[in-house]
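Quick look at what TrEMBL annotates:
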type	residues	note
TRANSMEM	35-55	transmembrane segment
TRANSMEM	61-80	transmembrane segment
TRANSMEM	92-111	transmembrane segment
TRANSMEM	141-165	transmembrane segment
TRANSMEM	172-196	transmembrane segment
TRANSMEM	216-236	transmembrane segment
TRANSMEM	248-270	transmembrane segment
TRANSMEM	282-299	transmembrane segment
TRANSMEM	341-359	transmembrane segment
TRANSMEM	371-390	transmembrane segment
TRANSMEM	402-424	transmembrane segment
TRANSMEM	430-448	transmembrane segment
Amino acid sequence: MRDYNMNDFAYGALHDDDDDGVPSSKAATNSIQKVSMLPLVFLIFYEVSGGPFGAEGSVNAAGPLLALLGFVIFPFVWCIPEALITAEMSTMFPINGGFVVWVSSALGPFWGFQVGWMKWLCGVIDNALYPVLFLDYLKSAIPALATGLPRVASILILTLLLTYLNYRGLTIVGWTAVFMGVFSMLPFAVMSLVSIPQLEPSRWLVMDLGNVNWNLYLNTLFWNLNYWDSVSTLAGEVANPKQTLPKALSYGVIFVALANFLPLLSGTGAIPLNRELWTDGYLAEVALAIGGGWLRLWVQAAAATSNMGMFLAEMSSDSFQLLGMAELGMLPEMFAKRSRYGTPLLGILFSASGVLLLSGLSFQEIVAAENLLYCGGMILELIAFVRMRIKHPAALRPYKIPVGTVGSILICVPPIVLICFVVVLSTLKVALVSFVMVIFGFLMKPCLNHIDRKRWVKFSVSSDLAEFQNENLDCEESLLR
């Protein structure tokens, strides 16, 4: 796995794919239906947020005013910059692997592998949350799901069913996400309307700066409003990605922001404040107080549906990321093999196994560990974005953020400041666990290089990726003449 950059596409020898190796991306996907605009918007919605489920912790940590302000300000500090960078880089590299390709192009394959390792871990950790949230919302209606064997069995069955659905194809997952998303958000639209006569605006202004859990507050906002770059890992599966991805990301930002803000606005304004009660699952009780038992049941069903949608979307991104890394020669070529439905079989199995291993952790432990790892990966992505602007300013960018080099640096400042706050406020336990995981990635890369050199396992690079890279080079050279 040799180094590559924009002038030399070669992580390693381009092995002949005519034997039993991995078929090229075009050959593997010619007969597979691509993901269109509407399913892509809902896949982004579920990869990022999936609705206000889990946002309750912001009220618990900081009270109504800071919680509401957080969901207004945070999109400008984080969501919009990350979505813009994702749109530019995904259209520049519209192939599976996403941010792994960006970072590798700008900083080399070692750091490309590291961002892939950290983001894949984040995705698996994130997916381990959804069975936990699913059961947290249902345990008030079905107390047996709170602990013990029924809870373990429920997690296992849910994981297996959703993994099978992911195996059946990305277009199925996309349209399933559309129906799940509509069903999940409808009760909150109803709750917002029903709550209007009960609203007391003074409740929104409650704030106690001396009693704010900043770590919980930032982690909750960060978890509910990040992962915009996840869609890039399956860019090769999108119909007309150079036009579809930027539009889908812009619609997604609006959808996600409203889906989190409006339920908290109605919930904190319509019922008396008790911050201690605002933990994951509490929105169902808010619905009970506002609309009655029927609305609580609807919110509980919506929460369960939303968590299934997030699981499906996240597993799709994670598994196609592994497929993209295998096509780049970073992982053994077995990870690039597809099922007859066009899905990365081994990637799905690895992601599902990680979910089952981590699903026993608590909600807050999972969120904190995942956010810290995500920060490390995002730093690399932001550096790669700026470096590509400086190093290859004339390279083909079907969508380009309308700013120059200085502007591209300034766009990265707010996310970096936020990342610093998240890192500084993390606990020692979470920091140590995250550090060990990062070190493991540092050791894994040279080990994989050694395995490749010894030919113990076959690595290969898709010829389509080489062709794609040459197209970018040709375009840049013509612009420079």
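Every residue gets a Cβ built from N, Cα and C, even glycine.
Tallying C-beta pairs under 8 angstroms between the transmembrane segment (172-196) and each of 35-55, 216-236, 282-299, 341-359, 430-448 places 35-55 first.
For the transmembrane segment (141-165), the list of distant contacts is 131, 134-135, 172-173, 176, 297, 300, 308, 311-312, 315, 348-349, 352, 355-356, 359: same-chain residues at least six beyond its ends, Cβ to Cβ under 8 Å. Away from its own ends, the transmembrane segment (248-270) comes close to residues 37, 40-41, 44-45, 48-49, 51-52, 55, 58-59, 64, 67-68, 71-72, 75, 79-80, 83-84, 86-87, 185, 188-189, 191-192, 195, 198-201, 203-204, 224-225, 228, 231, 283, 286, 289-290 of its chain (Cβ-Cβ under 8 Å, at least six residues beyond either end). Only sequence-distant pairs (6 or more apart) were considered; of these, at least three Cβ pairs between the transmembrane segment (216-236) and the transmembrane segment (371-390) are under 8 A, so the stretches are in contact.
Listed by sequence, the residues of this chain that lie at least six past the ends of the transmembrane segment (371-390) yet keep a Cβ under 8 A from its Cβ atoms are 82, 85, 88-89, 92, 99, 102-103, 105-107, 111, 114-115, 118-119, 121-122, 125, 219, 222-223, 226-227, 229, 405, 408-409, 412, 415-416, 419, 422-423, 426, 430-431, 434, 437-438.
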